[in-house]
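Notes to accompany the following structure.
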Amino acid sequence: MMSIRQRREIRATEVSEDFPAQEENVKLENKLPSGCTSRRLWKILSLTIGGTIALCIGLLTSVYLATLHENDLWFSNIKEVEREISFRTECGLYYSYYKQMLQAPTLVQGFHGLIYDNKTESMKTINLLQRMNIYQEVFLSILYRVLPIQKYLEPVYFYIYTLFGLQAIYVTALYITSWLLSGTWLSGLLAAFWYVTNRIDTTRVEFTIPLRENWALPFFAIQIAAITYFLRPNLQPLSERLTLLAIFISTFLFSLTWQFNQFMMLMQALVLFTLDSLDMLPAVKATWLYGIQITSLLLVCILQFFNSMILGSLLISFNLSVFIARKLQKNLKTGSFLNRLGKLLLHLFMVLCLTLFLNNIIKKILNLKSDEHIFKFLKAKFGLGATRDFDANLYLCEEAFGLLPFNTFGRLSDTLLFYAYIFVLSITVIVAFVVAFHNLSDSTNQQSVGKMEKGTVDLKPETAYNLIHTILFGFLALSTMRMKYLWTSHMCVFASFGLCSPEIWELLLKSVHLYNPKRICIMRYSVPILILLYLCYKFWPGMMDELSELREFYDPDTVELMNWINSNTPRKAVFAGSMQLLAGVKLCTGRTLTNHPHYEDSSLRERTRAVYQIYAKRAPEEVHALLRSFGTDYVILEDSICYERRHRRGCRLRDLLDIANGHMMDGPGENDPDLKPADHPRFCEEIKRNLPPYVAYFTRVFQNKTFHVYKLSRNK
């Protein structure tokens, strides 16, 4: 963080609890060997205590989340089909590939089934390892088959315990990052406590276990911790190389386990670019990190059989553009303030233009359309034009992709996290502006630099990185609620670091003329301890009540549907329906699907729009022809979609389909002038009347309070 450059005399009686220091005072060491020995012993003791607490708090968090999951579902007591149904939507799809690998006679056949899969999308053979990020399921299935644990641990428990184990690593990485920034493990303890007490806003692992982000975010946290250490000045060559290795491995694993990796790392690249441009980060270290990002993505691209979406990512185009712009624009960091500011703006414009140019060229060469729905969504979200695009509106109408709800800040304030975060953020932003202005003013004036060395605050590179990181990811979370988990966890780290930072308190006490070394020590330890006591007092009873509250999984209609499919349909039958439900059909029954929730493919999106015409105003023969074009044998209709009330008018699935088809929406309210009344009634409603035009094409074979299954005729 901010360090006063002017050194003061260090007294032998002062004992530091800091993390391994960046510099050693050789003169003091020669004069006071006994003092230095005691200092080293204290540091070893501090490291031991801090490390032990880090491991314990990580394991306790893991056990806590696993217990919540068990208590909420009574997972150990319910049937296998109920366990599988509890993996909702895309979670069930991912878990099905773990199950598929375990059921394969051999590993080779299991791999072959994933590479040449013809059950995930009917009438198509796709490479699942290319299309999806499921190497983690492959790795776990291999481990389960190889390790001698089959007699003691069911496959589903091996899977979920691995995910909860990763949560232990996640919390430990957050703890270490805060410790590295502040110099005391007390900061890490506070970060971990905040993470747990704000669980609703920091993680959703206990009810979305197989979700890709639950695999990826622990590695992302490790990467941030490693980058924080790497950006420290004066690292030993061996330490630097080992840290680079840790950054590379964690970046690679993060990229391998989540399809949105490229967008998160693009944010990181923007952080590096900002700091490098403002001379707040060594350019050499920024170059290393750019290179690691590109290398990791290219390795993942190879493992995913040259997935074109990775090659066409904005991250690769941006990082290459930064390298090219550096070569084209020399002496970027010299000259007066206005001179440097002009060069910086030109540099920014050049990088932006090169990024867009390279990205468009790559996408045209590869004929890449897989990510176009994301850009359509962003364009509509930020008001750059209204759209009737079904895919974009599907995202816009989901709460998870909306703005961060205001009540989030109320919950974060209850734990004092938000107040502490704003306090620390305000101070560091002011210091960052001062440092950036000084760096741009006159980098060639040695007198100016000398003056700064003697009396001006400075921003450490690792602190500057985490500051810009938290700001950019904060904007991301504010704009898209689903991404809040990337911000709130780092918020815990940044707030706890600031409260335990000696530089923060030194700056604050000096500004109110109360500076005293003892006061700094008192403030940096007493404030976090008081907050920890407050958190224990206020939230411990609630956490104990939460752990004692027992519920049970209950979804009899879905269980009945899955059992009926298993008992009454051929194993090669093809099912159509909603993406979310079909993921469960794939997992519980192994039947072939027409569509599924992994939405990162343009042809799948077109197929899904066609299948969803079952909820639109279409003629029975049109719907039948569309479904049969995908080889559909059975279609599942859900009352919860056909008569949906959860979303407002204009955001119900049937409304999105009506708008995309140019039809007027149901119910009172305005319609766009060019929308016209449909020629046919809504299919999902009319088919239940068993009228001749519908009976000729569809025969009802199953029905309960939630689902209606129809068998398609083949002779039409």
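Placed from the backbone N, Cα and C atoms, the Cβ positions cover glycine too.
For the residues Asn439, Asn704, Swiss-Prot attaches the annotation N-linked glycosylation site to Asn704, which does not rule out the feature elsewhere. The candidates are Asn118, Asn319; Swiss-Prot tags Asn118 with the feature N-linked glycosylation site. In terms of which side of the membrane each occupies, Swiss-Prot places Phe260 apart from Leu459.
Range with Swiss-Prot annotation transmembrane segment, chosen from 138-154, 240-256, is 240-256. The stretch that Swiss-Prot tags with transmembrane segment, taken from the ranges 92-103, 488-499, 692-703, is 488-499. Using a 10 Å Cβ-Cβ cutoff, Asn118 (N-linked glycosylation site) registers 12 neighbours.
Counted over residue pairs 6 or more apart, the CB atoms of the transmembrane segment (466-485) and the transmembrane segment (263-279) come under 8 Å in at least three pairs, which marks the two as touching. Contact count against the transmembrane segment (488-499) (Cβ pairs under 8 Å) is highest for 415-437, out of 44-64, 155-182, 263-279, 309-323, 415-437. Stretch with the largest number of CB pairs closer than 8 A to the transmembrane segment (309-323), among 240-256, 263-279, 339-359: 339-359. Sequence-distant neighbours of the transmembrane segment (240-256) (same chain, 6+ residues past either end, Cβ-Cβ under 8 Å): 133, 135-136, 216, 219-220, 222-223, 226-227, 229-230, 262, 264-265, 288-289, 292-293, 295-297, 299-300, 303.
Across the fold, the C-alpha of Asn704 (N-linked glycosylation site) and the C-alpha of Asn118 (N-linked glycosylation site) stand 30 Å from each other. If you look at the topological domain 'Cytoplasmic' (198-215), the same-chain residues 6 or more away from its ends with a CB under 8 A from one of its CBs are 65-66, 68-69, 72, 87-88, 90-92, 94-95, 133, 136, 159-160, 163-164, 166-167, 170, 257-260, 408, 411-412, 415, 417, 484-485, 488-489, 492. According to DSSP, the secondary structure content of the topological domain 'Cytoplasmic' (324-338) in residues is 7 helix, 1 strand, 7 coil.
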